[in-house]
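Okay, structure first, notes after.
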Amino acid sequence: MELLLVLVLGLLYAAGVYLILRRSLVKLLLGIMLLGNGTNVLIFLLGKITKGSPPVIDESYKVFQDIYADPIPQALILTAIVISFALTSFAIVLLKRVYALVNSDDLDDLNTPEEEDL
Amino acid sequence: MLFTVLAGLITSSLLIPFGKLIKTKWSILLPFIPVVLFLFYVMHVPSIAEGTNFVQRVNWVPSLGVNLDFRLDGLSLLFALLITGVGTAIFFYGRTYLKGHIYFDRFFGYLLLFMSAMLGVVLADNILTLFIFWELTSISSFFLIGFNNDDKSSRDSALTALSITGLGGFFLLAGLILAGNIAGTFVISELFMKHEVLTIHPLYPLIIGLLFIGAFTKSAQFPFHFWLPGAMKAPTPVSAYLHSATMVKAGIYLLARFTPILGGTDLWSISLMVVGGFTMIFAAVHALFRIDLKGILAYSTISALGVLTFLLGLGTPAAIIAASVFILVHALYKATLFMVTGIIDHETHTRDISVLSGLRKVLPPVFVAALLAALSSAGLPLTFGFIGKDLIYEATLHFNENWTIWLTLLAVLTNVGLVAAGFMAGIKPFAGKLPSAFSNIHLPYPSLWIPPLVLAIFGLAFGLVPGIIGNYFNHQTANAIAGIETDMHLKIWHGFNLVLILSMATLLAGTLLYVVNKPSSSKLQMLARFDGLSPQAIFRRLARGLKDFALFFTRRFHNGYLRAYHLKIILFAELLLAYKLWLSGPISIDFDSLTPLSWYEVVIVAILIGALYIIVSAKSRLASVVSTSVIGYCMCLMFVFYSAPDLAMTQFTIDTLTTVLFVLVLYKLPGFINFTSKTVLMRDALVALGFGAILSLIALRVLFEPNTTEISNFYGENAYLLAKGKNVVNVILVDFRVADTLFETVVLSIAALGVYSLIRLRLKSSEKE
């Protein structure tokens, strides 16, 4: 199964990179989100995935009795998901703003001022 | 000694608050600084002459080996006396020369800074300290050349001088550090012991190469000589002080200082002889074509510096004695001639020797000074210059049998040129008939003509008692350069020998050349045709090429398109990662350690890949956004399979929220427009797939590496015992790493504030495009 996840993360990264090479602001944002997902899978994979044993201690015990999934990647990913939400939501609103001002989501329309210097 | 170095720096900073007073009432105080310093060093003359050295060490940055170590030996003393002695003359002279100038205080600030820096260079006993002062001299020279800052050519010359000497400084620093590291010490007096270690080291040629570039740029040796004529844009006191008597000799000082450390090899000698020899004849010939007094003096200065380099290259005791005497000879007559030029310029407002004549009638004391200096430069018997010239011939005649004739011929030819150039600068303006235009000129203030006269008289007096002067000033200098006891007995009369014949022949030929040679602007223009081949033009072309390249590079790589930057960054990252991956060797996959595959996982992955394809190829914005949320849910399910319930819940919530927000905000945007050509799409797809593949390979590689689980185990075992929580992930977030979570909340709040204010912000109609 790990090999499948390896494939998934590669594809997520590839799609993310492909999207940030486009001209559209929306695609840029989607690309960043995909890169974030890819990174989450990567972190998750590095913690040795385990099936059916979440890192939660049994009701009647004080310590683990059995093997359990590595809690550290999970804590890291949880933080990453929340922070990326902050980024995405701010970016979405910003995008709307840009659209309201220049009436376009084409990145090339945003970099006019420097052209005159050349 | 530290005090003498700092005196100038302290005074120059005092000029900031007291500049106004210095400009008017207190300006007479200024020359007393070099006077006091000069007396301080004169007091050391007797003990230095007996062979004593004075050392002073002050820790500055001991951990880096940079300390304010100072050492006064024969070589340092000669230079220190020149700096403070000529400095005294220049300060008296400059005070009158620049009287009433709006930047009077600034001028002396720079001059004091320079004096300090130069004293630092010649006294430093630590190569890094030496380098710091070395750079300070370049900087003060830059400010002084560009002193007339409203004149474009003056600013250009200042920049050229700074770029040449500054560039040389970098090379010098590299050479010094290399030498210091190999020898294991940065203290110059300890480096004397390391001569053997350094000269047999394989990097020795590199060290002296770097050192030479530093010295040649500073001392205006070919092909770096061209900044010096440009530096003549500076006020004349500066030309007299920095660009003939002291600063340009810093390179010579450096070579002399390092002769006992790095010298004595064929490579050292031959390089110096070739560069010095070529520079001295090249500049001497050039000087003859100039019509500007300062131009003549600039080229004859370059030639004299070439002579010094050449003598250090010969390296025999006779040559080193000659060099130590010639430094003093040249400083005395050249500073005088410059100051005379300054007076002429000041009074007649021209420096063109084809116009100037007959000034002896109106400026008699100036004429005396100029005549004495010109004669000393010509090496007339009884002047100090005569002694210097004799020693040079002595050195070339007693070098290597096979080379004697050629080297002597070279020296004679150079000296013939120098004699003529000296006469052109010192006698030409005063000889002949006085044009009516100049007849109403009267003698300036005594403070303007006394300093050059005093220096010129010194040149004569030293020549009358060469034995005493040699004993006191030059003997220990030569010892310090040679590193051994030299046999120095300066005499006026050596008997009737070959040296005397050569000396007389030089004088005769030089005088003849002076009479025959009529420099004019038309001849100068003829010479200007070859400017395209000069090092200056090559240097300028190089500079322009560099600028063009920078422009090309900027246009190519900084074109203002975000995706172009992304592409370059990603490609670079790919190359770097691929290289590292390739270095790490083959990846072996251990299939037994993998978790078994079940059909529902395959289904999820298939859905995910399908969603990815839709995002990448979709024409509609909404379809892409929805597909992104599909990917999020697939991730969520995978977290469920692999024992991460918290992640699944978070991902589910967040993904839903994001999609809702996206759709709410973006529903009215138009569809994607496809501008890009097929080839660009293919290229981007390849780059993207390459990146994905590399990341996958890295993941595979790490997957089968052993990893440590100490931290995870710690959290797992102590979650309940220490933090009374059974969900380990939660415990980590809200207990073990609670500060991180707190800041995460802060970040979220800031983002929320941003979102809220952006939504609430209403644009005025004028702000809309």
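Glycine residues also receive a Cβ, built from the backbone N, Cα and C atoms like all the rest.
Nobody curates TrEMBL annotations by hand; they come from automatic prediction.
Mean per-residue pLDDT, taken over the domain 'NADH-Ubiquinone oxidoreductase (complex I) chain 5 N-terminal' (B:63-108), amounts to 86. The domain 'NADH-Ubiquinone oxidoreductase (complex I) chain 5 N-terminal' annotation in TrEMBL covers B:63-108.
Among the features that TrEMBL reports, domain 'NADH:quinone oxidoreductase/Mrp antiporter transmembrane' is placed at B:124-414.
Annotation comment: TrEMBL describes B:607-670 as domain 'MrpA C-terminal/MbhD'.
Marked as domain 'MrpA C-terminal/MbhE' by TrEMBL: B:682-760.
Feature annotation from TrEMBL assigns transmembrane segment to B:29-49 (among others).
Nonlocal intrachain contacts for the transmembrane segment (B:107-124), taken as residues 6+ away from its ends with a CB within less than 8 angstroms of a stretch CB, comprise 1, 4-9, 11-12, 15-16, 19, 22, 30, 33-34, 37, 69-72, 75-76, 79-80, 83-84, 87, 90-91, 94, 98, 101, 130, 132-134, 136-137, 139-141, 143-144, 147, 188, 235, 237-238, 241-242, 246-247, 250, 253. According to TrEMBL, the feature transmembrane segment maps to B:107-124 (among others).
A Cβ distance under 8 Å defines the sequence-distant neighbours of the transmembrane segment (B:159-183), meaning residues of its chain 6+ beyond its ends; these are 65, 127-128, 130-131, 134-135, 138-139, 141-142, 145-146, 190-191, 194, 197-198, 201, 203, 206-211, 213-218, 224, 226-228, 230-231, 254, 261-262, 539, 543. Feature annotation from TrEMBL assigns transmembrane segment to B:159-183 (among others).
TrEMBL lists B:268-289 (among others) with the feature transmembrane segment.
Taken from TrEMBL, the feature transmembrane segment applies to B:296-314 (among others). Cβ atoms under 8 Å from those of the transmembrane segment (B:296-314) belong to residues 215-216, 219-222, 225, 228-229, 231-232, 239, 243-244, 248-249, 251-252, 255-256, 259, 263, 268-284, 286-287, 290, 320, 322-323, 326-327, 330, 334, 337-338, 341, 353, 377, 392, 395-396, 399, 407, 411, 414, 417-418, 421-422, 424-425, 481 of the same chain, restricted to positions at least 6 beyond its ends.
Within its own chain, the transmembrane segment (B:362-384) is flanked in space by residues 300, 325, 328-330, 332-334, 336-337, 339-340, 343-344, 347, 390, 415, 418-419, 421-423, 425-427, 429-430, 434, 438-439, 441-443, 449, 452-453, 455-460, 462-464, 466, 469, 492, 503, 506-507, 510-511, which lie at least six positions past its ends and keep a Cβ under 8 Å from the stretch. Annotated transmembrane segment per TrEMBL: B:362-384 (among others), in sequence order.
According to TrEMBL, the feature transmembrane segment maps to B:404-427 (among others).
Listed by sequence, the residues of this chain that lie at least six past the ends of the transmembrane segment (B:448-473) yet keep a Cβ under 8 A from its Cβ atoms are 45-46, 49, 77-78, 81, 86, 88-90, 92-93, 96-97, 325, 328-329, 332-333, 335-336, 339-340, 342-343, 346, 363, 365-366, 368-370, 372-373, 376, 382-387, 488-492. The transmembrane segment annotation in TrEMBL covers B:448-473 (among others).
The transmembrane segment feature in TrEMBL is assigned to B:493-516 (among others).
Remote same-chain partners of the transmembrane segment (B:622-642), defined as residues 6 or more beyond its termini with a Cβ less than 8 Å from a stretch Cβ, comprise 600-601, 604-605, 607-608, 611-612, 614-615, 648, 651-652, 654-656, 658-659, 662-663, 666-667. Among the features that TrEMBL reports, transmembrane segment is placed at B:622-642 (among others).
Below 8 angstroms of C-beta separation, residues 621-622, 625-626, 628-629, 632-633, 635-637, 639-640 of the same chain, each at least six residues beyond the ends of the transmembrane segment (B:648-669), sit close to that stretch. The annotation transmembrane segment is assigned in TrEMBL to B:648-669 (among others).
Under the heading transmembrane segment, TrEMBL lists B:741-759 (among others).
Using a Cβ-Cβ cut-off under 8 Å and counting only residues 6 or more beyond its ends in the same chain, the transmembrane segment (B:29-49) has close neighbours at 4, 7-8, 11, 22, 72-74, 77, 80-81, 84-85, 87-88, 90-92, 95, 108, 112, 115, 119, 471-473, 475-476. Within the chain carrying the transmembrane segment (B:404-427), a Cβ under 8 angstroms from the stretch's Cβ atoms is held by residues 273, 277, 280-281, 284-285, 287-288, 290, 293, 296-297, 299-300, 303-304, 306-307, 310, 314, 333, 337, 340-341, 353, 370-371, 373-375, 377-379, 389, 392-393, 396-398, 502, 505-507, 509-511, 513-514, 517, 519, all 6 or more beyond its ends. Beyond the transmembrane segment (B:493-516), the same-chain residues lying 6 or more positions past its ends with a Cβ under 8 Å from any Cβ of the stretch are 288, 378-381, 386, 389-390, 393-394, 397, 408, 412, 415-420, 422-424, 427-428. Per DSSP, the domain 'MrpA C-terminal/MbhE' (B:682-760) is made up of 68 helix, 1 strand, 10 coil.
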